[in-house]
Amino acid sequence: MPSSDSPPAGCTPPTLTPSPFARHPNVPLAATANPQPAPSPQATSKRPVAATANYLPETSYSALPDIHKQLVDQDAVVILEKPPITEDTLTELFSGSTLALDMKNDIYSTYRLQPPPHLNEMKVTVVCPATEKHLKKYQRQESYLVEETAEDYSSITLPYIESQSFSLQWVYNILEKKAEAERIVYEDPDPDVGFVLLPDFKWNQKQVDDLYLIAIVHQKGIRSIRGLTAEHLPLLKNVFQKGKEAIMKKYELPASKLRVYLHYQPSYYHLHVHFNMLGYEALGCGVERAHLLGDVIQNLQSNPDYYKSHTLSFPLRAEDGLLTKFREAGKI
């Protein structure tokens, strides 16, 4: 029986020709004589792999001195991600890689491609020292959908948030330009309606297919959409309009190609807005957590206290402390 690494008699690996359609992160490279559009990102996107330091054997990180120094005697989270394939690397990727046949059946075949080392890099994000919240955030857990009434927010959610030590120092460092100042794409410095726009760490900025930016407002004290009223409409409209204009100017992406939304619950309690490329399945962009900024603005225009009075649904993971509070209150 022939080895799976060798083509069967009469079958030779195809000559790979770069296709401009295969540019989206995690989309298989197209290598056809008549290229077809690559599969949609919804069908192919993969989550990054995360591991807490206590699950990593010593040999996993001892070969990486800089990371090893951070992990010694401290809790940490290490996130491994494969960067998206960029169009400008396709020619070298196809010509400099080795190809091994896995399976062939009629017109269908699959191969394993081993690219050159410099085209096979991984992005490594380290959170160290990591809090218990960080460790739980990146562990695999079941999720539960919570329906939070206005009363639930006042009696359960808000007291829980106020009891936790959620540090926002890294946010203030950005707003005060003590950190990441060189990454800022746009800033409106107005203390009431201004904001800072910068790339999210999930985006490597090498292509716009998975564009992901965050607008962090200068105004302090707004934890989430629950704190929004009609008084904040000038702020929201300013972020919506100027954020889209800044992205159009720098990345030549029109507003019709953008998904602009807020999370509830947010990952940190200082108001911020997400800007994604439409078609990119970013984590957290589903209907159970994302609220389109345009809809938020319209809701507040029709009801000044919409988010202070309406029931909001959101997902919580099994070990989330807030889920425990809802269970103790008999809401789950």
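Glycine too: its Cβ is placed from the backbone N, Cα and C atoms.
Just so you know, TrEMBL annotations are computer predictions that nobody has curated.
Residues or ranges marked as region 'Disordered' in TrEMBL: 1-48.
Counting only same-chain residues six or more apart in sequence, the Cβ atoms lying under 8 angstroms from the Cβ of VAL273 (substrate binding site) belong to PHE195, ILE214, ALA215, VAL217, VAL239, PHE240, GLY243, VAL260, TYR261, LEU262, LEU293. If you look up TrEMBL, you'll see TRP170, GLU180, ASP200, LYS202, 263-274 marked as substrate binding site.
Spatially close to HIS272 (active site, nucleophile) yet at least six residues away along the chain are ILE214, ALA215, ILE216, VAL217, LEU262, PRO266, judged by Cβ distances under 8 angstroms. The feature active site, nucleophile is assigned by TrEMBL to HIS272.
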Sparsest-packed among the binding-site residues, when each Cβ's other Cβ atoms within 10 Å are tallied, from TRP170, TYR269: TRP170
Cβ contacts of GLN265 (substrate binding site) (under 8 Å, same chain, 6 or more positions away): THR157, SER224, ARG289, PHE314, LEU316, LEU322
Distant-in-sequence Cβ neighbours of ASP200 (substrate binding site), under 8 Å, six or more positions away: TYR212, LEU213, ILE214, HIS274
